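Down below is the structure, laid out as structure tokens.
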Amino acid sequence: MKLQPTDIFLLIGTCILTISFLFKWYQMTTRKHTIEVSLKSWIIMFIGRMFWCIYGFLLGTIGGIFILIAQGLIAAMTVPIIYYIMRNEKTKGRYHKDHFRKELFIFRIIMDFMVISIICILTIYSHYFERNNYTIPKEVILIVGTIGAAITAFALMPQSLKTIKSRNTESMSLPLQITFIIGNAIIISYLIYELAMTHNTMNYIGSIFFGIISTLVMVPIAVIKINNIIKLKEPLH
């Protein structure tokens, strides 16, 4: 199957979405503070992104491979974020060097290795399926895609509610929020286009519906962050 213009459109969207989490990963690994960052949100986010990886794999298309790799990289970047949140639990989100926990650090390394291994294995098999036109039952794709999209849609809900309540966005990254919204919008547009062209409702409808919810949940966080930048002169990242 040749690379189509729509696949390039999807590639742009997945790159933007991946970059959005790269902002958060960079912020977390340099500043290391996790004030008002929800552990529940990021654990749910990790699980959801892994389901998205499997969904991309099951599609058996070039676009599916793009989704697989992008979502896998996002899952890998959530691991150190979860690590620092757990590490800073006793200090209310403040990072202290003397609070190093060996077992937690080892867990982080194992999780990163596991995620990267899964990405590589699924990418190889997905490429094989795509070249040989191997198809997965639509019901399986529907179930996995809907579960992954639903989990990621509600992953940010605890963080959004926490931010609305506290109005504290010190550990939030505006570039992440903006690129997250743009990247998701592009991916959703691609899925809607594929649905219109193929009329394959079962492959795409769940991911579209919950993808829209995921994007909308990020909006209030971005609005509060912008408001704090203007009024409190918080940094963008």
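Yeah, the Cβs are placed from backbone N, Cα and C, and that goes for glycine too.
What TrEMBL says about this one:
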- 6-25: transmembrane segment (TRANSMEM)
- 37-58: transmembrane segment (TRANSMEM)
- 64-85: transmembrane segment (TRANSMEM)
- 105-128: transmembrane segment (TRANSMEM)
- 140-161: transmembrane segment (TRANSMEM)
- 173-192: transmembrane segment (TRANSMEM)
- 204-224: transmembrane segment (TRANSMEM)
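Recorded stretches compared: 6-25, 64-85, 105-128, 173-192, 204-224; the one with the most Cβ pairs under 8 Å to the transmembrane segment (37-58) is 64-85. 64-85 is the stretch from 64-85, 105-128, 140-161 with the greatest number of Cβ pairs below 8 Å to the transmembrane segment (6-25).
Only residues 6 or more beyond the boundaries of the transmembrane segment (105-128), in the same chain, are considered here, and those with a CB under 8 A from a CB of the stretch are 50, 53-54, 56-57, 60, 64-65, 68-69, 72-73, 75-76, 79-80, 82-83, 134.
Residues 37-38, 40-42, 44-45, 47-52, 54-55, 58-59, 202-211, 213-214, 217-218, 220-221 of the same chain lie 6+ residues outside the transmembrane segment (140-161) yet bring a C-beta within less than 8 angstroms of a C-beta in it.
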